[in-house]
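A.B. asks: Quick one: the structure is below, and I'll ask about it shortly.
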Amino acid sequence: MALEWVVLGYAAGAEAIMLLLLTIPGLNPLRNGLITVTRNLLKPFLSIIPFCLFLLMDIYWKYETRPVCESPESCSPSEHLRHQKSIMKSQRNALLIACAIVFYWLLYSVTGLVVKVEQLNKRVEKLKQQD
């Protein structure tokens, strides 16, 4: 299962980098290329949503089938430690899932806004040329 988390981490990282590049001021010469690349990658990145749902179900399944350590006598210290590590990993992975989904939503929204701004800038220039 570690490979899935690596893939999700790289996808979330790529989304964050594209989001930063789209929102950094001063990259106007590169902006058209960035918009094109981002718009072309939004559809493949949409597969992150069902992937995240699958990984959430995996976390839930692990939570439901975890060993019960209610009293100190029922579990050895090593089992208790392993259980605590598993809980920490699940929380980290849930945070990664949330970040990947939020970054996708932000990237989708920002890309749409940047495209609208570019269209409005072209209209303004066209109107200025007509006057």
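Counting starts with 1 at the first residue shown.
Here the Cβ of each residue, glycine as well, is placed from N, Cα and C on the backbone.
What TrEMBL lists as transmembrane segment is 6-24, 45-63, 94-115.
Set these features in their place in the structure for me.
C.D. replies: Listed by sequence, the residues of this chain that lie at least six past the ends of the transmembrane segment (6-24) yet keep a Cβ under 8 A from its Cβ atoms are 30-31, 34-35, 37-38, 41, 45, 48, 51-52, 55, 96-97, 99-100, 103-104, 106-107, 110-111, 114.
Outside the transmembrane segment (45-63) by six or more residues, the chain places 1, 4-5, 7-8, 11, 14-15, 86, 90, 93-94, 97, 100-101, 104, 107 with a CB less than 8 A from a CB of the stretch.
Panel annotation: around the transmembrane segment (94-115), residues 5, 8-9, 11-12, 15-16, 18-19, 22-23, 31, 35, 38-39, 42, 45-46, 48-49, 52, 55-56, 59 of the same chain, lying at least six beyond its termini, place a Cβ under 8 Å from a Cβ of the stretch.
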